[in-house]
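Input: one structure, supplied below.
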């Protein structure tokens, strides 16, 4: 791993193997049985997954001294926009964050209506 010493690489690999083992110890539930039984198995599986996720975060923070999630990306104070002055295609939207509904020409809309 670039920029790290060999010792911390070994520790990181050991930690990743441990976390991988935790996730592998909780396979997805089977799809057999009644709807209620399947629902209960999925609910218990999701609860175990949440528990494994919290244990993994604890392992990462305590043994490696780093948070489980990366540090959030700091965005510039001004809004990010895309310049659509060039050909942007015919997707029916313009710009970012302001979806436009693609409107068909009136002749197409009128062809199927009876007045």
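Note: Cβ is positioned from N, Cα and C throughout, glycine not excepted.
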Of the residue ranges 34-50, 51-67, which one carries the motif 'Nuclear localization signal and RNA-binding (RRE)' annotation in Swiss-Prot?
34-50
State the residue range annotated as region 'Homomultimerization' by Swiss-Prot; the candidates are 18-26, 72-80.
18-26
Among all the protein chains here, how many other CB atoms are within 10 A of the CB of residue 8 (phosphoserine)?
13
DSSP secondary structure for residue 8 (phosphoserine), reduced to helix/strand/coil, please.
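SS state of residue 8 (phosphoserine) = helix.
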Report the mean pLDDT of the predicted model across the motif 'Nuclear export signal and binding to XPO1' (73-83), rounded to a whole number.
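That region's mean pLDDT is 67.
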